[in-house]
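*Asks:* For reference, the structure I am asking about is given below.
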């Protein structure tokens, strides 16, 4: 390995709560949030988070962790003109699989605007409490354990949502992560609050045009999202833009053109 090519390797197993607490159709499927967390690790080790931008992220194959065989995961970073091209891969029994790929760069990102939380809440008159929210996912075959149950409540209208995300894992066993996967996954989960299609459908992340991480989230964050298609028609894909802020409205991260494709 040289300075232009970095590799970060780790083993994933069901003994880790960020793996065991995320099940799709009764199998431990590694969420996209963990891919982001793994890519950030080698970029921010021993440094304070200054700003990270991901672009053109393709999520190609689900990573499934079986009960009896730990999965070897690797992040490949190849330097290319002021940014890195990354691949998230796994290796089980000498079989290598690419799960996600895209571009990432590390640089301070300045954004002075903030979310007007009260205005958004005024537009979103519907409300879903925590129990109802996770019951919907359970009914569709996605089971979240305690680690990933970070969404406290969601305000909604037909095409917008505003969720409250509680970072109860700030002092958890997984302190090595730059940003805890449970927070990123809570952002992605929040999309389900305004889904109005068949409860039997499962949509999984497929492509994201850009993700920008500005700073660390606080213990309470707010996630605002806008849908760009009518989920009641059960389309093949769903598209969203998402902003995440702290309690004062200052932005923590944003997701532009987030695409989920129908899995079943």
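Keep in mind that glycine also has a Cβ here, set from the backbone N, Cα and C atoms.
Annotation source TrEMBL lists domain 'PKS/mFAS DH' at 1-264. Annotation source TrEMBL lists region 'N-terminal hotdog fold' at 1-111. Feature annotation from TrEMBL assigns active site, proton acceptor to 22. If you look up TrEMBL, you'll see 125-264 marked as region 'C-terminal hotdog fold'. Per TrEMBL, the feature active site, proton donor maps to 185.
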*Asks:* Restricting to the same chain and to sequence separations of six or more, state which residues have a Cβ under 8 Å from that of residue 185 (active site, proton donor).
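*Replies:* When sequence neighbours closer than 6 are ignored, residue 185 (active site, proton donor) has 22, 31, 32, 33, 148, 150 within Cβ distance under 8 Å.
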*Asks:* Give the mean pLDDT for the domain 'PKS/mFAS DH' (1-264) on the 0 to 100 scale.
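*Replies:* For the domain 'PKS/mFAS DH' (1-264), the model's average pLDDT rounds to 91.
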*Asks:* Hey, what's the Cβ neighbour count for residue 22 (active site, proton acceptor) at 10 Å?
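*Replies:* I count 24 other Cβ atoms within 10 Å of it.
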